Ligand code: 13P
Ligand code: SF4
């Protein structure tokens, strides 16, 4: 079966018909450089507002934009070979197949954070993922190592929904209601927990305020840790991961109000704040927001016996309707462990789902959403950019380096190391 990129090109020329033959944007068939400066680019977050200070890439040389896939392949392989052990390429599961094939290590955001620490001898860490992941790799790797993001515009619309000034304002407003003194059992009034999908400044904020980072593979373990130290948790930026995790831990919905940063006091009353166990930031992932309960019902009608597994960035209704939820790594493990003939409907990014389908031809694997709509920003890492940064490195030119200033990196490292010291939950079966 074709990769997502190949499928998109087949749709463009009208050669793919039937199921899986429509995309959320015809612009997906174009090169990412066609959309520089316009927004997040084609894909699930195309309608999300791009912050004015979000990094822009700038146009790369024509020779890379015009090169064929075969030429780029040869050039990437040659540059990778020439750089040898000086280089390590990390790739997230959501990357296109045309990038994944060059990754020395493929993983979810937790595994990639660990991987950044375990290659201390590589001079260059080329991160095929998104900006917050590259920042995390820079924070956790040695100072002498350079982390490179092939396309600087590969951000994350969810991460951009919480920025440091509004989180700081929120913190001060919460303190005006709750005070700052710990209770008799030494628990602070609120403890900040940030999802990995956030800017380094927010991880630093957590490090400075007794808080911690979590990923989708360890959110429950992290929240348990947080409740041992705080009476409440302020969870940002993803309300859905926060809600799904806290609900699974038995926290009632009334004790999980949503903080809207565009409203005074987050749109909450002092009583709601006092009664809260988890204050959820008003953020979401545009990729996972596309999945619906109707899609699950449709999959069950068409495929009796189907196992529905979704990522916890999906809404609570979708997570509740699914058979199981978990991080990308958990989804991958479940598919690998299932016997031949199993049927999976998966609610996560389409490049990963399609890859699982291609790798397991003895199983029926499909995306809950029949419309092809990749993560806009993951999709910005195109082989042209990878060839460009690798050949530049070969010439001794370091392009697109991601550097987190030490004043931010030091407290962010504290919050990240707190997370890495916790054991990720291994089994997250929801049903
Ligand atoms: P994980 O890799 O932690 O499962 O997260 C998915 C995601 O949305 C990354 O942006
Ligand atoms: Fe961000 Fe969602 Fe894309 Fe992950 S899948 S990088 S959370 S927009």
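The backbone N, Cα and C atoms fix where each Cβ goes, and this holds for glycine too.
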Among 109, 176, 286, 342, find me the residue TrEMBL lists at the same iminosuccinate site as 92, 195, 196, 197, 216, 311, 312, 313, 328. 109
285, 375 bind [4Fe-4S] cluster per TrEMBL; candidate in 156, 170, 206 listed for that same site: 156
Among the binding-site residues listed here (156, 285, 375), which has the Cα closest to the Cα of residue 311 (iminosuccinate binding site)? 285
Which residues does residue 285 ([4Fe-4S] cluster binding site) neighbour through Cβ under 8 Å, counting only same-chain ones at least six apart? 157, 158, 197, 238, 240, 313
For residue 195 (iminosuccinate binding site), the nonlocal same-chain Cβ neighbours (under 8 Å, six or more residues apart) come out as 158, 213, 214, 215, 216, 219, 235, 236, 237, 238, 241, 242
Per DSSP, to which secondary structure element type does residue 195 (iminosuccinate binding site) belong, with helix, strand and coil as the options? strand
